[in-house]
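> Here it is, the structure in full.
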Amino acid sequence: MSPESKKLFNIIILGIAFMFMFTAFQTCGNVAQTVIRSLNSTDFHGSGYTSMYIAVFIQPFPWSFYTASVFIGIAAAVLWTAQGNCLTINSDEHTIGRNSGIFWALLQSSLFFGNLYIYFAWQGKTQISESDRRTVFIALTVISLVGTVLFFLIRQPESENVLGEDESSDDQDLEVNESAQNTMAKAVDAFRKSLKLCVTREMLLLSITTAYTGLELTFFSGVYGTCIGAVNKFGTEEKSLIGLSGIFIGIGEILGGSLFGLLSKNNRFGRNPVVLLGILVHFIAFYLIFLNMPGDAPIAPVEGTDSTAYIRSSKEVAIFCSFLLGLGDSCFNTQLLSILGFLYSEDSAPAFAIFKFVQSICAAVAFFYSNYLLLHWQLLVMVIFGFFGTISFFSVEWDAAAIVARGSDYRSI
């Protein structure tokens, strides 16, 4: 297998492994609040924080939700930092856009499979029984374990032609020998680099864009499905529509990742047009959701809401908005992965660690306020962050050529 084929193989395996893991993760996130409400326990109020784990739903207890949330947060930080590093070392300046698109399309295929089962299994149900809950989450736990095993198939890429890899093989061998002796020192040095990287102009600007992706991640993965499931006007289909919504979010994500991956080689205009498309698509989605969904849908009781929206609530419009949310999200995330891997190619781990840190903090904040704010206020927050996040991304992309020419601020650390 040629070096280029090996790198592409690694990207595909990385994407498939994440697809299995996130078939469990994203399906869980999409139905978590609906399942929790069906438990009829006040101990679980505010547990949108805990939609990012799986096995504890098999036999849920309050203490297990919050304990698992801590561990899943630690695991996610390690997992996504490793993902960014793997993507970078298996790419160069010509393939980083393509590989980001391939990875994102495979990852977001996870939204299709799990939610397809939810759609058919929960069709016509207004309450989720204990048997239904256990069946779903046992299956999702097994699927996530399959994804974990697949990571062992990723191979070490050839040292040459790796993005940002200028060291000779002798230097690399020396670095490997020293790593066993200086693990703690290197960990401290990486933390120091991350702190310095945080205050660079490029990372501060990209952090605004990243913050927006965290807010909209919470919205489409947890809040919007709950809104759909709370609208009593949708009749007995309201719970199965949660799964259908997840499917169409996945279709939008897959379409975006595939399209931008294929077009990246011939894109003469950089990343800005893709991000501009993403924010326009999201603004259209937010406006339609504002018109189509009752304002109290995110905070409705377990019985749902009979409130009226500005227009007659339509299942078709709700599902179309799901597609738009997924397509817009793929625009932002593929381009963020691409620009981070491009700008911080020499040592990408701190950059991706900051990316995931900011995104996760904002996702947690969004889960907190989603239990208290009416729908239109949640949409307004995302519109504001989306607008400024897009402007900040444009600024970094415009300066990218100059940054690479002089060496980025991070590379001088």
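In case you wondered, yes, glycine gets a Cβ from its N, Cα and C as well.
Automatic prediction, not curation, is the source of TrEMBL annotations.
This is the feature table in TrEMBL:
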type     : residues : note
TRANSMEM : 12-32    : transmembrane segment
TRANSMEM : 52-80    : transmembrane segment
TRANSMEM : 101-122  : transmembrane segment
TRANSMEM : 134-154  : transmembrane segment
TRANSMEM : 203-221  : transmembrane segment
TRANSMEM : 241-262  : transmembrane segment
TRANSMEM : 274-293  : transmembrane segment
TRANSMEM : 375-396  : transmembrane segment
> Could you give the residue numbers and ranges of same-chain residues that sit at least 6 residues beyond the transmembrane segment (241-262) on either side and whose C-beta is under 8 angstroms from one of its C-beta atoms?
26-27, 30-31, 34, 97-112, 114-122, 220, 224-226, 228-229, 234, 274, 315, 318-320, 322-331, 334-335
> What stretch in 101-122, 203-221, 375-396 has the biggest tally of Cβ pairs under 8 Å against the transmembrane segment (274-293)?
375-396
> With Cβ-Cβ distances below 8 Å as the criterion, list the same-chain residues six or more beyond the ends of the transmembrane segment (375-396) that contact it, or say none.
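Tertiary neighbours of the transmembrane segment (375-396) are 202, 205-206, 208-213, 215-216, 219, 223, 227, 271-272, 275-276, 278-279, 282-283, 286, 289-290, 293-298, 332, 335-336, 339, 343, 366, 369.
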> Going along the chain, which residues at least six beyond the ends of the transmembrane segment (203-221) come within the CB cut-off of under 8 Å?
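Those are 26, 29-30, 48, 51, 197, 249, 275, 282, 322, 325-326, 328-329, 332-333, 336, 339-340, 351, 354-355, 358-363, 365-367, 370, 378, 381-382, 385-386, 388-390, 392-393, 395-396, 410, in sequence order.
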